[in-house]
Amino acid sequence: MAEVIFKHLVDEQQLADHIKVDSVATSNWEEGNPPHPGAVHVLNEHGLSAAGLTSRPITDKDINWADWIITMDRSNMANLQRLVPAAAQSKLHLAFEVVPEKAAQEIPDPWYSHNFELTYRQLNEVLPLWLAKINQAN
């Protein structure tokens, strides 16, 4: 969901030539699978499409390519902290970090809660702020 929403925001602001977006997993459990049907349904309800997306695990190439690695929860952050070399740890960020009063808050994985609408709303709260921060840094 995050990739689709963030790409939409980037496109809306005509920043696709400057900001590239990708989404990867911290495990290979769902490798090759499309997004969860619940995520697809919520995205479609909001006029967005996840067509063509499949899960894939993060690679060293991804870590080297990315300037920012934003994760939704502490579990994935812990996985990333193990996978990402010390020199690149500063690239890692928790999604709500851009909302000072909610900086410690997580976006719960909807795969477990099945509350995809909540995830959509939370992503729509933080991703515009991330886009502004990233755009300002560029």
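In case you wondered, yes, glycine gets a Cβ from its N, Cα and C as well.
As recorded in TrEMBL, the features of this protein are as follows:
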- 1-133: domain 'Phosphotyrosine protein phosphatase I' (DOMAIN)
- D109: active site, proton donor (ACT_SITE)
Task: Counts of helix, strand and coil residues, the domain 'Phosphotyrosine protein phosphatase I' (1-133), according to DSSP - done: 71 helix, 8 strand, 54 coil
- [ ] Tally every other Cβ atom lying within 10 Å of the Cβ atom of D109 (active site, proton donor).
- [x] 14
